[in-house]
Structure formats: C-alpha cells, structure tokens
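Right, one structure below, let's go through it.
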Amino acid sequence: MAKEHFDRSKPHCNIGTIGHVDHGKTTLTAAICTTLAAKGLAAAKRFDEIDNAPEEKARGITINTSHVEYTTANRHYAHVDCPGHADYVKNMVTGAAQMDGAILVVAATDGPMPQTREHILLAHQVGVPKIVVFMNKCDMVDDAEILDLVEMEVRELLSKYDFDGDNTPIIRGSALKALEGDPEYQDKVMELMNACDEYIPLPQRDTDKPFLMPIEDVFTITGRGTVATGRIERGVVRLNDKVERIGLGETTEYVITGVEMFRKLLDDAQAGDNVGLLLRGAEKKDIVRGMVLAAPKSVTPHTEFKAEIYVLTKDEGGRHTPFMNGYRPQFYFRTTDVTGTIQLPEGVEMVTPGDTVTIHVNLIAPIAMEKQLRFAIREGGRTVGAGSVTEIIK
C-alpha cells in the first residue's frame, strides 16, 4: 500500500502523556485516538497496540516509545507514550521525542504521586513549555470535595516547578469510560483536546530560528577554498551571509561564498538540509568536526554548565559500577566528544547506574552551547549516560 501523503495544511505540534505509573497514560492515549477516530480525525488504536511500544535508540540509549498521530479541528499532533517510568526519564533527558507540550495524567483516586512530581520536574528541566492536566478515574470518586482537593494539590505542584499552576487547564474525566464509548466521558476527551489546542503554544518552526550547523567534515576545493559540511540544525543560510565559527577555539567570522547540496549550487539552504558551505578566507586547518557555524551573536561558546543526566544501567550497556565526584568522561555534543569533569551536588557521594541526577560540568574546551542542548556521556566510545543542559555558568 502506498504511503499516505503528509497533510501540511494544519500546524504540527509534538505532545506526550506524562504521569505516575498506572494513572492511565496509555488508556488516555487510546481513548484520544478512539474518540477522534469516531469523528474521522485519527486511526483508532487499541490499548495493547500502544502498550507494546517498539524499541528506539536515541544517543545510544534504548527507549520504548509508542507514537500515535491525530488531528483536531486546528492542529496535527504527534503523540508519544512510554510504557515504563524509566523510558519516560530517558526519553525526556535524551530528547528522543521532542515535546512542545505535555498532558499530565493524575488519577483522582490517588492524587499526585512520586513520579507525578518527577515528571513535572523533568518537563521543567528539559524545557517543555506548557502542561495540560487530565484528572483520570473521576468516575471512581463519589465525593466532589476529593476532586477539588486533588486539583488543588496538582496546581500547587505545577507552580512549585515554575509552571503556571493557577491557569493550567485541568479536565476531569475517565479514560476507560471514554475508551468504552461513554458519550459523557468522550466529551471530556474532546474538552482535553480543545485545551491542548488553546493552551499549548505552537512551536517556532526551525526555519524561523537563527542559523546553526554542526560541522561534520571539512575539505579543500582547489582554487575555490575550504568547504564545511553538515546537516543544518535550524534556520536558513544564504549566499554572502556572514557566519561565525564557534567552539574548540577562538570565534571567527566568515562569509559564505557557496552553498552546495547533492553537488548542485543553491542560493540558500534550510533546517534539515545536508550541505557543503564554502567559506571565504578559511583554511582547512582552522576548522574541525565539533565546531558549529552559526548566525553571528546567536550562540556562544562555554565550558562550564549544569545538567540533568540519566546514567545507564549495566543491562543498557552502561557502567557496572557507580562513579564518584571528579569523574572525567567524554561529553558528546552534536558531532564531537569533549572531556569534562563532573562535580556532584552537595551531599551526593556517588551516582549509581540507573540514577537521574543534576551535575556541574567543566569541559576542557569550549562548545557552542545553550540551555536544553542535549548530549551523551561516553567512556571509551560507549554511551554511559545522557543529559540536557539546564544552566550555563560560564
């Protein structure tokens, strides 16, 4: 069967369900698909189709995630759901499935639980801009006061982690009842989708952001000059644009005198394109893999930062033993490894495989860096962890 043509008429948004184990994330995902399918806006998915999540690899880490897609009146959504708690942590820290917003599922029967808190904290750390709340299992609670109490707790928790707890939409419903076709609860799912449409901001398109391209390779064309190749991460680059070479040394400005893709000359190239950029005045020795080319003054080089990291378990191919303060692995940013020293938070003696922790890092060379930049932690060429920059120090 031929693949369906991707409809670009509606703006696209990436979303995901987060929340404590057994609070109904996967049931809600199935209920959204089923409810929207009845209106011709999605393909119906059974619970077990979503629950049997395929394995994916991101930054050397295996993660189980299910992807479903659906449309609302205004948008096209790609929705990610993870079966296990560890998969969520890994997914959010590695940015395997980027989230422009999240649906936090909280069971009214339990209220906020430890993983509810952890997922909200992680969402804040990795830069998820907005959260919409679905209070699930409301059909199992007879006392309206309990529902009000749970709602209050959730709002307080969101505010604690810098989300707008007072104005966050909280929809009360039952994912299971909606999945079983109860019209009252299907309406609640539609209410949730409207809240997502209205409250979760559309992401800025990559092409609207300032230009950045990590350098993968460099070579010389006799008589023409030096060419840097790579995949454009964001923005647009045009002939005669000025760009800065940043990282692993002094920042230098060049002018683009040629843009080439698949051996064809172009006037410009944009996010997602694999290109060669001819740089006026550059010498091959000046440019190495791991540097970036970027719009002037759009990003700066740094060596010291804080990060939220996940440390792989032995079964995931990670370390067999904990690491202590002063551990010196390689940090793999974009296209290269840079050695750095890890300082652990006060009171933390060591970090055990499987832990999530906030660390302070000093790199031996500067890297073009900004908040939410993802990286892998490697030791002798194998991945032992992954993380996201949460704060730049210098």
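Cβ from N, Cα, C; glycine included.
Swiss-Prot lists 10-204 with the feature domain 'tr-type G'. Across the domain 'tr-type G' (10-204), the model assigns an average pLDDT of 90.
Same-chain residues lying 6+ beyond the ends of the region 'G1' (19-26) with a Cβ under 8 Å from its Cβ atoms: 47, 50-51, 66, 81, 83-85, 104-107, 110, 112-116, 119, 136-137, 175-176. According to Swiss-Prot, the region 'G1' annotation covers 19-26, on the basis of similarity to another entry.
Per Swiss-Prot, the feature GTP binding site maps to 19-26, 81-85, 136-139. Cys138 (GTP binding site) falls within a helical segment according to DSSP.
If you look up Swiss-Prot, you'll see Thr26 marked as Mg(2+) binding site, on the strength of sequence analysis. Non-local contacts of Thr26 (Mg(2+) binding site) by the CB criterion (under 8 A, 6+ apart in sequence, same chain) comprise Thr17, Phe47, Ile50, Asp51, Ser66, Asp81, Pro83. In the three-state DSSP scheme, Thr26 (Mg(2+) binding site) is classed as helix.
Residues annotated as region 'G2' in Swiss-Prot: 60-64.
Per Swiss-Prot, region 'G3' is recorded for 81-84. Beyond the ends of the region 'G3' (81-84), by six or more residues, the same chain brings 16-17, 21, 25-26, 29, 50-51, 53, 63-66, 68, 91 to within a C-beta distance below 8 angstroms of the stretch.
The list of residues near the region 'G4' (136-139) in space but at least 6 beyond its ends in sequence, with Cβ under 8 angstroms from a Cβ of it, reads 23-24, 27-28, 105-109, 147, 172-177, 185. Per Swiss-Prot, the feature region 'G4' maps to 136-139.
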Long-range Cβ list for Gly19 (GTP binding site), cut-off under 8 Å, min separation 6+ in sequence, same chain only, gives Lys25, Leu104, Val105, Val106, Gln115, Thr116, His119
Residues in the region 'G3' (81-84) per DSSP class, helix first, strand next, coil last, are 0 helix, 1 strand, 3 coil
If you count the other CB atoms within 10 A of the CB of His85 (GTP binding site), including all protein chains displayed, you should get 15
